[in-house]
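Per TrEMBL, the features are:
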type     : residues : note
DOMAIN   : 190-385  : domain 'Glycosyltransferase 2-like'
TRANSMEM : 43-69    : transmembrane segment
TRANSMEM : 356-384  : transmembrane segment
TRANSMEM : 404-426  : transmembrane segment
TRANSMEM : 481-501  : transmembrane segment
TRANSMEM : 507-530  : transmembrane segment
Amino acid sequence: MDQLSSTNILPETFQGAKDDIFMQFALVWSQIKAPLIVPLLRIGVVLCLFMSVMMLMERLYMGIVIILVKLFGRKPEKRYKWEPMKDDMELGNSSYPMVIVQVPMYNEREVYQLSIGAACGLSWPSDRIIIQVLDDSTDPIIKELVQLECQRWASKGVNIRYEVRDNRNGYKAGALKEGMKRSYVKQCDYVAIFDADFQPEPDFLWRTIPFLVHNSQLALIQARWKFVNSNECLMTRMQEMSLDYHFTVEQEVGSSTYAFFGFNGTAGVWRIEALNEAGGWKDRTTVEDMDLAVRASLKGWKFLYLSDLKVKNELPSTFKAYRYQQHRWSCGPANLFRKMAMEIIRNKKVTLWKKIYVIYSFFFVRKVVAHINTFVFYCIILPATVLVPEVEVPKWGAVYIPSLITLLNAVGTPRSLHLLVFWILFENVMSLHRTKATIIGLLEASRVNEWIVTEKLGDALKGKAATKASKKPRFRIGERIHLLELGVGFYLFFIGVYDVLFGKNHFFIYLFVQAFAFFIMAFGYVGTFVPNS
């Protein structure tokens with residue numbers, strides 16, 4: 001009997017302890033809620049609404065510019081002189097400028113043949129072009145394969161140079177910088193750059209070089225990216241939506257207004273004189289391409305973006321590769337902003353309006369505010385108002401502004417309008433990593449210069465039928481659980497439960513769906529099924 005009575009007492013003891021914990025938590029919450037939580041949350045709401053308005057104004061401004069560009073037909077050929085290159089009977093091929101094509105690569109087993117073949121297939125007088133393969137591979141087998149491929153093209157009469165280093169200092173920037181030191185580069189006028197997964201069409205140089213030849217103020221010609229594996233999985237479709245907006249709107253606006261935009265690091269041609277005047281390649285950040293572009297712009301050079309010239313390339317098709325890429329693309333610009341803000345302000349060669357555009361629009365709103373506000377407002381502040389009903393978010397800030405921003409973004413990829421909800425959930429999850437990376441860049445914390453090469457899977461080699469062969473959904477599980485996503489997912493889930501039980505039932509559907517998206521990413525699941533486009 002004594003044992004039985006003691007057994008009955010145990011559950012009551014645990015229940016009592018649990019009730020005490022909840023009562024203590026409720027007591028602490030009631031004491032700090034009014035004097036601390038409510039004021040802080042109100043401040044957070046005001047700041048986030050202010051940043052949301054900044055983002056909306058930036059999107060509307062760019063939208064208006066794009067409409068004007070389309071209406072008035074401000075094509076590159078009308079803004080800058082362009083004439084096709086012609087043969088000179090007296091000078092022969094020497095009338096054509098000397099061009100070097102750099103192809104940096106690192107352990108690119110899947111795509112090295114494709115990229116080298118595309119570079120060697122560029123149409124240009126054979127004695128006026130040099131193909132330079134910059135191989136930083138650490139795998140000796142891949143290194144040998146790349147060297148053999150270069151020798152194969154050399155045997156066909158192509159002027160191709162295979163260059164290696166004994167270290168990887170500076171990563172891609174270091175390789176490009178080392179490549180420009182070679183003696184044969186001194187005779188070159190222009191340098192075209194293509195990453196290992198990029199496949200330019202044979203007429204690429206015929207469409208870009210004339211702009212540089214006939215317009216001495218132009219330093220850079222940038223082409224648009226065309227994604228060969230955008231239909232591979234839902235994640236690649238989401239990436240396509242974000243990047244299409246970047247190329248359709250952001251790059252076009254920069255080119256049409258201030259003749260400035262961020263060099264995309266590939267699929268572009270530089271005037272070597274401008275590159276050298278700007279100080280050449282620097283490895284102080286993970287966005288050496290943007291760094292060079294800003295420095296060249298501060299020297300007074302202009303850039304031109306060609307939206308009609310597309311270069312095929314591959315999107316990251318694994319969540320791991322995409323995370324690393326986004327860390328680099330978010331951390332680098334923030335760190336560069338920290339390093340160059342005062343240099344831009346003090347510069348005497350560019351106009352005040354261009355300074356404002358570069359500092360406010362290009363860097364602050366797009367590279368800092370957009371990442372931080374997306375995560376903090378929609379994943380932290382807005383859900384927290386469910387727990388603190390004293391703090392209200394106006395409908396225009398919670399619904400209208402984000403809806404307008406989302407619709408404006410969808411302009412870049414109209415074929416994916418039916419995937420807009422998935423894109424919102426995906427971008428909210430990725431905003432966590434972008435915010436973290438942005439803060440690391442601004443503070444120059446650990447991992448600020450982390451460089452992990454984006455994995456290429458050689459999807460450009462696959463036929464169109466192969467990408468759509470399987471219509472059943474399949475999933476991949478990541479190598480580890482990502483605790484940040486897991487934590488935010490639980491935060492949103494518990495607030496959703498609270499909203500159902502005690503709240504006004506305003507956000508519970510959004511909270512549960514967004515929490516589910518965080519859980520999917522936390523465990524590294526990536527569904528490859530894509531709804532029919």
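Using N, Cα and C of the backbone, Cβ positions are placed for all residues, glycine too.
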Spatial neighbours of the transmembrane segment (404-426) not adjacent in sequence (6+ beyond its ends, CB under 8 Å) are 52, 55-56, 59-60, 63, 234-235, 237-238, 240-242, 244-249, 513-514, 517, 531, 533
Outside the transmembrane segment (356-384), at least 6 residues beyond either end, the same-chain residues with a Cβ under 8 Å of its Cβ set are 41, 44-45, 48, 51-52, 54-55, 58, 61, 250, 254, 257-258, 260-262, 294, 297, 330, 333-334, 336-337, 341, 344-345, 391, 393, 398, 402, 427-428, 431-432, 434-435, 437-439, 442, 488, 491-492, 495, 507, 511, 514
Over the domain 'Glycosyltransferase 2-like' (190-385) the mean pLDDT stands at 95
